[in-house]
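Residues annotated as signal peptide in Swiss-Prot: 1-20. The domain 'Saposin B-type' annotation in Swiss-Prot covers 21-97 and is backed by sequence analysis. Taken from Swiss-Prot, the feature disulfide bond covers C25-C97, C28-C91, C55-C66, and the record attributes it to sequence analysis. The site 'Essential for homodimerization' annotation in Swiss-Prot covers H95.
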Amino acid sequence: MKAIVFVLIFAVAFAVTLRQGPIVCNLCTGLINTLENLLTTKGADKVKDYIDSLCNKASGFIATLCTKVLDFGVDKLIQLIEDKVDANAICAKIHAC
């Protein structure tokens, strides 16, 4: 019985992860594109402010994305954007895609 419950819990957790994958990936690439524009026009400090503001009020899929971004590191993220790394590649690096 315990084995069946464990398998069911694992299956549900795996299904939720798969389902949120494309959503978080799309949110990530959109966020990276926004941050790229913000970095070009306003600078790194504004990018950090934007991420702080977004993540402080985030929930759901956006909170998931914020966790991935913050775990990766905002300074490293900014460096990748400055190095003109593609949004899809950045999101893959932070495990959002």
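Positions of Cβ are set from backbone N, Cα and C atoms, glycine also.
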Winner by Cβ contact number (other Cβ atoms within 10 Å) across the disulfide-bonded residues C25, C28, C55, C97: C28
C66 (disulfide bond) versus recorded positions C25, C28, C91, H95, C97 - nearest by Cα: C28
Sparsest Cβ surroundings (other CB atoms within 10 Å) among the disulfide-bonded residues C66, C91: C66
Candidate nearest C97 (disulfide bond) in space, where candidates are the disulfide-bonded residues C28, C55, C91 and distance is Cα-Cα: C91
Euclidean distance between Cα atoms of C28 (disulfide bond) and C55 (disulfide bond), Å: 13
Whole-number Å value for how far C25 (disulfide bond) lies from C91 (disulfide bond) (Cα to Cα): 7
Neighbour count (Cβ, 10 Å) for H95 (site 'Essential for homodimerization'): 12
Rounded to the nearest Å - Cα separation of C25 (disulfide bond) and H95 (site 'Essential for homodimerization'): 9
Residues of the domain 'Saposin B-type' (21-97) by DSSP state, where helix covers H, G and I: 64 helix, 0 strand, 13 coil
Between C28 (disulfide bond) and H95 (site 'Essential for homodimerization'), the C-alpha gap once rounded to whole angstrom: 10
